[in-house]
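S.K.: Here you go, one structure.
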Amino acid sequence: MTNIRKNHPLMKIINHSFIDLPAPSNISSWWNFGSLLGLCLTIQIVTGLFLAMHYTSDTTTAFSSVAHICRDVSYGWIIRYIHANGASMFFFCLFIHIGRGLYYGSFTLLDTWNIGIMLLIAVMATAFMGYVLPWGQMSFWGATVITNLLSAIPYIGTNLVEWVWGGFSVDKATLTRFFAFHFILPFIVAALVVIHLIFLHETGSNNPSGISLDSDKIPFHPYYSLKDLLGVVFLLATLSILVLFSPDLLGDPDNYTPANPLVTPPHIKPEWYFLFAYAILRSIPNKLGGVLALAMSILILALIPHLHTAKQRSMMFRPLSQCLFWVLVANLLTLTWIGGQPVENPFIIIGQTASILYFLTILILMPLTSLFENKLLKW
């Protein structure tokens, strides 16, 4: 058995990636979220495949087909709710995974980090298009508002929006192409995940101390495979509780009303995992400025390795940077809350303050604090 595992061309790849992989001996539970993201992606692809068997991407039947899945398909309701809430679990793990990378300095693995940013954008695009498919009120108006942002691009904006829509408004052509992209993108995400892992295994994982541990590595299996299994149990338990007890907790009631282009919902908002970016978009009165701020709120992650001024890689022994990191987390939670509130005072001014603080913390305060810590340590 050992010979097959170590010599067979396919088994050898699996062996070097998940069994005999040399892993740092001190990585904490914050490193569990990579494997949990893999589990989430698998759940989403499997449940999505079963949903696609019964879904019809036509404006006249899309809403009814989702109702049909929940009512008439055997266990269709649980498949639909696992898929919907699985997306929330996916983003929850994704945000923690990125946060861990920021805290412990994993962004210094440039190739892995940049592929990770591409993965984030691809997953966000997939989730956005998936939210449009049930063709409820929030699906239709969310699609209209977000795709309409492309019209802010000078010269080509209007043509670009009509090209994306496939007409002069969000209609049948839009829904059909969104379904096609929503189906294919998870497989592109899976391919990017493989590239992400290839780059990661070129350098090896980071660890909480941020220093090289080449002299003290342990095999991934059984140590971290069992440790990951505990995370899997917690994730599946949380997802099961969410699906079985309050499946609509994170959804919007407006999406149980069929899409109607003649009636605008009182408050258009995306799913909770996009609210921080939506709040940044809304906090700028100018349309083009808002779109640029929205794009930068995600793409700013690509600048972080170049803004790293600290002599230490990890924040483990940098208390001032730790404080700023948790300020950033609190700020993102504030933005998430503001994104779900109506556009009126005091929410407008809170959103604008939080948006400024978000960019200020990452672009100026964190690099300056790192330089100050270097001075304190006489480095």
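Backbone N, Cα and C atoms are what each Cβ position is placed from, and that goes for glycine too.
According to Swiss-Prot, the protein has these features:
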type     : residues      : note
TRANSMEM : 33-53         : transmembrane segment
TRANSMEM : 77-98         : transmembrane segment
BINDING  : HIS83, HIS182 : heme b b562 binding site
BINDING  : HIS97, HIS196 : heme b b566 binding site
TRANSMEM : 113-133       : transmembrane segment
TRANSMEM : 178-198       : transmembrane segment
BINDING  : HIS201        : ubiquinone binding site
TRANSMEM : 226-246       : transmembrane segment
TRANSMEM : 288-308       : transmembrane segment
TRANSMEM : 320-340       : transmembrane segment
TRANSMEM : 347-367       : transmembrane segment
S.K.: Of these binding-site residues, HIS83, HIS97, HIS182, HIS196, HIS201, which scores lowest on Cβ atoms within 10 Å?
M.R.: HIS201
S.K.: Would the transmembrane segment (113-133) count as touching the transmembrane segment (347-367), i.e. at least 3 C-beta pairs under 8 angstroms with sequence separation of 6+?
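M.R.: With fewer than 3 qualifying Cβ pairs, these stretches do not touch.
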S.K.: Check for me, if you would, whether the transmembrane segment (288-308) reaches the transmembrane segment (178-198) - at least 3 Cβ pairs under 8 Å, residues 6 or more apart in sequence.
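M.R.: These two segments do not touch.
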S.K.: What is the separation, in Å, between the Cα atoms of HIS201 (ubiquinone binding site) and HIS83 (heme b b562 binding site)?
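M.R.: One finds 30 Å between the Cα atoms of these residues.
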S.K.: Under 8 Å between C-beta atoms and at least six residues away from its ends: which parts of the chain pack against the transmembrane segment (77-98)?
M.R.: 30, 33-34, 36-37, 40-41, 43-44, 47-48, 50-51, 66, 69-71, 116, 120, 123, 127, 130, 235, 238-239, 242-243, 247, 250-251, 271-273, 301
S.K.: Can you tell me the CA-to-CA distance separating HIS83 (heme b b562 binding site) and HIS97 (heme b b566 binding site), as a whole number of Å?
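M.R.: Per the Cα atoms, HIS83 (heme b b562 binding site) and HIS97 (heme b b566 binding site) stand 21 Å apart.
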S.K.: Could you check whether the transmembrane segment (178-198) packs against the transmembrane segment (226-246) - three or more CB pairs closer than 8 Å, residues at least 6 apart in sequence?
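M.R.: Stretch pair does not touch.
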S.K.: Between HIS97 (heme b b566 binding site) and HIS182 (heme b b562 binding site), how many Å separate their Cα atoms?
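M.R.: Cα to Cα, HIS97 (heme b b566 binding site) and HIS182 (heme b b562 binding site) are separated by 23 Å.
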